[in-house]
Each structure stands twice: as C-alpha cells, then as structure tokens.
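According to TrEMBL, the protein has these features:
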{"type": "TRANSMEM", "residues": "14-34", "note": "transmembrane segment"}
{"type": "TRANSMEM", "residues": "54-76", "note": "transmembrane segment"}
{"type": "TRANSMEM", "residues": "88-110", "note": "transmembrane segment"}
{"type": "TRANSMEM", "residues": "116-137", "note": "transmembrane segment"}
{"type": "TRANSMEM", "residues": "149-165", "note": "transmembrane segment"}
{"type": "TRANSMEM", "residues": "171-190", "note": "transmembrane segment"}
{"type": "TRANSMEM", "residues": "197-216", "note": "transmembrane segment"}
{"type": "TRANSMEM", "residues": "236-254", "note": "transmembrane segment"}
C-alpha cells in the first residue's frame, strides 16, 4: 500500500531541502580546487609509436568500444527490456557520454593542458548526469526521473563552465562524489526494480578502484616496475563501470513488481 500523496510530497520536499543544504555546506566547507599545472604531470609519459603519453591515450579505447556497443543496444528495439522511455533516453545518453569520453580523454592526454582538460571532463560529466537520472527512474519515480534528465545535463555543462571561469573544480568533483556515495547507499536501502540491480554495487566498486588508482598514479607506476601507471589503471577500471551496467541491463534482467514507496 502506497503512502498518501501529501506524505510523499512532504518526503520529497524534505529530501530536496536536505540535498540542497548538503550541497551548499560542501561548497562552503571544502577548499576551492584550482587549476594546477602539476595535475597534468602524469607518472607515465612514455612515447611509443610516436604517440605522446601512449598508454594513457590508448587506455581510453575501451570507452569507445563499450560506449558504442551500449549505444547500439539501447537504440536496437528493446534489447535491454526497459520499462519506460525515460530509461531508454537516460541509458542512451549515458553510453553516448562514455563514447565521447574516449575522444575527449585521448585528446587531452595527447597534450595535457587546462584548455584540453575541459574536453576530458565534459563527456564524463554528461555520463554522470545521465546515470543519476536513470537511477532515479529505477529507484524512485519513472515519471520524475526523465524530467530531471535535462536539468542534470545542464548542471553537467555548468560544472565545466564554472571550472573554466571561476578556476574551481568543486562542482565537477561534487558531480562525481555525490552519485558515487548515493548510488551504493540507495542500492542497499531501497528495493530493487530489476532482478540484477545488485550490479550497481559492482559498478560502484570499479569506480572506487579507479579513483584510488588515479590518486596513487606514481606509486602504482613504481609498484608495477614501470609497467603501468595508476592513471592507466584508472582508465581501465572506469571502463569496467559501463561493462557491469550492461551486464545488469542484459537479459534475463526481469522487472520486479513492488509496492510504491
């Protein structure tokens, strides 16, 4: 039995209020993340076959393959068995964002600089915004999830614009941080919509591994005896996120009939 509409509305208002309060607190309490040329100095700067930063460039290729496969499968009828048009659009844009990340990240790593870094961040920001929208569709509301899609994409664009003009990457960092915490928490706390929804946790685990590898770029490079750097591992781990999400979506993923929450 569902909750009364007034109670649902009060809960949503409280949730949005708490979310906005948390957002402003994070913006106030965390230091600005300013442009720093040291962020472009990656541990592995080897040149193979005439390509600068070869492994950091080539390790973006899985984004292209996985993103294209996901986009085609989303567009190919109803292979994934989506239950709403909002899911179709959200997942399609997610995989388009992953595909675009291959080009943006490769372009950046060929010659790392502030101006190129925007093109590395923007496609991934769109992918994050899309994944938040489809997660809302799955976990909370099939009607309001799609309505949040365009505002989230605009917010993703705003993160890059804010970084460029305000010299502060806080918004982009929050766009990554909040979903990476909220999605695993809500996966555990809320009832699943599909039988394979637990793959969200695998995807979150791979993203956590990617961020750790990125943070320990130089150390991973030394630990592997200069075979592969943490940033290359970050690319490969991040590429596994859409892989696990495709596995989640693929048959025999079955919708679960559940009570309204």
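Keep in mind that glycine also has a Cβ here, set from the backbone N, Cα and C atoms.
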Quick one: find which recorded stretch in 149-165, 171-190, 197-216, 236-254 has the most Cβ pairs under 8 Å with the transmembrane segment (54-76).
236-254
Sequence-remote contacts (6 or more beyond its ends) of the transmembrane segment (171-190), Cβ cut-off under 8 Å?
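Sequence-remote neighbours of the transmembrane segment (171-190) are 23, 26-27, 30, 33, 121, 125, 128-129, 131-132, 135, 139-140, 155-156, 158-160, 162-163, 197-198, 200-201, 204, 207-208, 211, 261.
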Is the transmembrane segment (236-254) packed against any residues at least 6 beyond its ends, judged by a Cβ distance under 8 Å, and which are they?
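Same-chain contacts beyond the ends: 59, 62-63, 66-67, 69-70, 73, 79-81, 91, 94-95, 98, 131, 194-197, 199-200, 202-203, 206-207, 209-210, 213.
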